[in-house]
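Participant: As listed in TrEMBL for this protein:
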- 29-46: transmembrane segment (TRANSMEM)
- Lys117, Glu118, Asp147: UDP-alpha-D-glucose binding site (BINDING)
- Asp147: active site (ACT_SITE)
- 447-472: transmembrane segment (TRANSMEM)
- 492-510: transmembrane segment (TRANSMEM)
- 531-553: transmembrane segment (TRANSMEM)
- 584-604: transmembrane segment (TRANSMEM)
- 616-635: transmembrane segment (TRANSMEM)
- Asp643: active site (ACT_SITE)
- 651-670: transmembrane segment (TRANSMEM)
Amino acid sequence: MAMENTMKTTITSPLHTQKLLRRATFNRLYMAVYAVAIIALIYRHLTHTLFSNTLIITIPLLLADLTLAFRWATTQSFHFRPVRFEEFPEKLENFAKETGVELPRVDIFICTADPYKEPPIVTVNTALAVMAYEYPTEKISVYVSDDGGSQVTMFALMEAANFARHWVPFCRDNHVLLRSPEVYFTSNSCNPSLPQVLNLKKLYEDMKFRVEKALESGKVEVDDDNMRQMFSKWTDDFTRQTHPSVIQVLLSSVKDKDVSGVLTPNLIYVSREKSKLHHHHFKAGALNTLKRLFQFQPLGMNGLQGPNYVGTGCFFQRRTFFGPPSSIIHPELIELRHDHLVKGPIGSPEVLQLAYLVAACDYENQTQWGAKIGFRYGSLVEDYNTGYKMQCEGWRSIFCHPKRAAFLGDSPITLIDILVQCKRWMIGLLDVLFSKYSPLTLGVRRLGLLMGLAYTHLAFWSVLAVPITVYAFVPQIALINGISIFPKASEAWFYLYIFMYVAAYGKDLLDFMLEGSTVERWWNSQRMWMVCGVSSYLFACVEYCLSSLGIAVHGFSLTSKIQDDEQSKKYDQGKFEFGVASPLFLPITVSALLNLVSFVTGLWQVYSGGIDSMEGLILQIMLSGIVVLSGWPMYHAMLFRTDSGRMPPKISFIAAFLVSILCVLPAAFLKISDLLH
């Protein structure tokens, strides 16, 4: 009887719990108070703008504040009902045994495109880490999609397949948590004095040497008939843009075993066919081929219908790719249905023949793939677009965020790569925003007001270029010319501006701290917010408008994941890496120099005119001072650094020239305007 009660308790023990965060009440109170402040600010704008003699200054400020007000309103959807889930994966195995529920098979997709920007050894470590998951190995299939079709990448995965026979059982038998070999062998968890660890480390280093040697030479040395057959498709006509499909089953969970005699996971290399005659839809196209083969925001969406898909670290049920929950959309082949079970081993001729068929570049013609089935096309941000449309169909998601990070990966650490990546995201979001599937219309109608506003907030991200650019230039130009555009310190409106600034930044800092971050990281986040606002956000808006008019066409730009020792050292020290003379750096540098000039000019006006002259300019001086403080990395890169990561002199000289024009021309324009008036 006791055993029966124990079993009942175990079976009914939850695999996860959910809890509404206590901060929800405070968030709603804050919303009400700050909304009143925004209404008061707009009222002040309307009553002062209509009677202003400097409409050229006050109208941009009104537009900027209206944009910020709209962004603030959409942001509140993340704070209205934040919910945290707590998962208990340690209960999963016992739960499956006691209930008779079979654990599902898991397909894991890893995407790569350029071995020189995304090193093959990083892809190898990623594949080895997921193959070593604490999960039945025969139920794991790892697909590596190589959009660049690199023979070096496939060679690296062949090496990974051999090493996995040793690595996977080692992780399983020793309960290793750091399952990436590169991370494990450099961590404190590794005990190199143990013979098993020492031998395993040598195997890994030998593998790494062979992979990096192949990458350096740019080709693979074929030394036997088996390899010659595997690499036979890499002919002289094989290029990144034009090549046949390449599919290789490197490990099969049906026949391949590790050194301990246990079946290995499946490991499959896939490079889909590409042709200049057919659009390949970037990463979304690769993911569909495989398919056929930021923290408080997710917490806030958790309390609605679930977080958006952000491109990585996400698990889908197969059924979600085939239409809404209420009505399934069947693909054109029965073998591609979500519930179809493949008969025979994954490497059998019949399975490979079908795999090559669906990996063809023209297979999707006249089908629903990319429109209603699989990952959705039509945007550079296929993750946002796919998750958004799935939720519009009725699917829900859950944000799982354990205390110990479930997965870690590399991301760009140089400023130019970050800005290029950010610009690409912004253009993709604008694609969705101004489509017939806009979250402001379809999203609100299908998902409800709060969830629709959450997706609208993300889609409108690049529009922040308007207020950030306005506040980075307009008040500063006015300050240089001695024009007061904000309330005086003796006016009641002055305290409204102070309250709104302190409350907004204070709330943002509080959100960071509650999620375990630090003040330093929060400050760096604010700095990057301003940097992106006048560069990648602005360039994305301009590029999208031009492409909409047929003047320019944007494309997919791959960012580098390579981290050399010098760049990593600067990153750890908190130094910006400039180095290249990119147009993206120009507005950042101009803004930094203009704010420095305006700050010094404002202080000089106070010094020469006395404390009374400060009353009308104090908010502008404070604003310039904050931007100057935030812009210290730019000044340091322009004036003091001599390493390869300094600001290119060409950018500094052009920026200085443009700042001198901004200091002179507005003064002349205002003088002429006064004479005409």
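Placed from the backbone N, Cα and C atoms, the Cβ positions cover glycine too.
Describe each of these features in terms of where it is and what it packs against.
Facilitator: When Cβ-Cβ distances below 8 Å are used as the criterion, the transmembrane segment (29-46) is approached by residues 58, 61-62, 65-66, 69, 72, 76, 79-80, 487, 493, 496-497, 499-500, 503-504, 507 of the same chain, each at least six residues removed from its ends.
DSSP assigns Asp147 (UDP-alpha-D-glucose binding site) to coil in the three-state reduction, outside any helix or strand.
Around Asp147 (UDP-alpha-D-glucose binding site), taking its Cβ as the centre, 23 other Cβ atoms fall within 10 Å, counting all chains.
Tertiary neighbourhood of the transmembrane segment (492-510): same-chain residues 30, 33-34, 37-38, 40-41, 44, 72, 486, 519, 522, 526, 619, selected by CB-CB distance under 8 Å and a gap of 6+ residues from either end.
Nonlocal intrachain contacts for the transmembrane segment (584-604), taken as residues 6+ away from its ends with a CB within less than 8 angstroms of a stretch CB, comprise 415-416, 419-420, 423, 469, 472-473, 475-477, 479-480, 531, 534-536, 538-539, 578, 617, 620-621, 624-625, 627-628, 631, 634-635, 638, 647-648, 651-652, 654-656, 658-659, 662-663.
Note on the transmembrane segment (651-670): residues 54, 473, 477, 480-481, 483, 578, 581-582, 585-586, 589-590, 592-594, 597, 638 of its chain, located 6 or more positions outside it, place their CB under 8 angstroms from a CB of the stretch.
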Participant: Under 8 Å between C-beta atoms and at least six residues away from its ends: which parts of the chain pack against the transmembrane segment (447-472)?
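Facilitator: For the transmembrane segment (447-472), the sequence-distant neighbours (Cβ-Cβ under 8 Å, at least 6 residues beyond its ends) are 60-61, 63-65, 67-68, 70-71, 73-78, 80-81, 297, 300-301, 304-305, 308, 384, 388, 391-392, 425-427, 429-430, 432-433, 438-440, 529-530, 533-534, 537-538, 540-541, 544, 587, 591, 594-595, 623, 627.
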Participant: Considering all pairs of residues in Lys117, Glu118, Asp147, annotated in the record as contacting UDP-alpha-D-glucose, what is the maximal C-alpha distance expressed in whole angstrom?
Facilitator: 13
Participant: At the Cα level, what's the spacing in Å between Asp643 (active site) and Lys117 (UDP-alpha-D-glucose binding site), rounded?
Facilitator: 22
Participant: For each of the recorded positions (Glu118, Asp643), count the other CB atoms lying within 10 A of its CB, then report the residue with the highest count.
Facilitator: Glu118
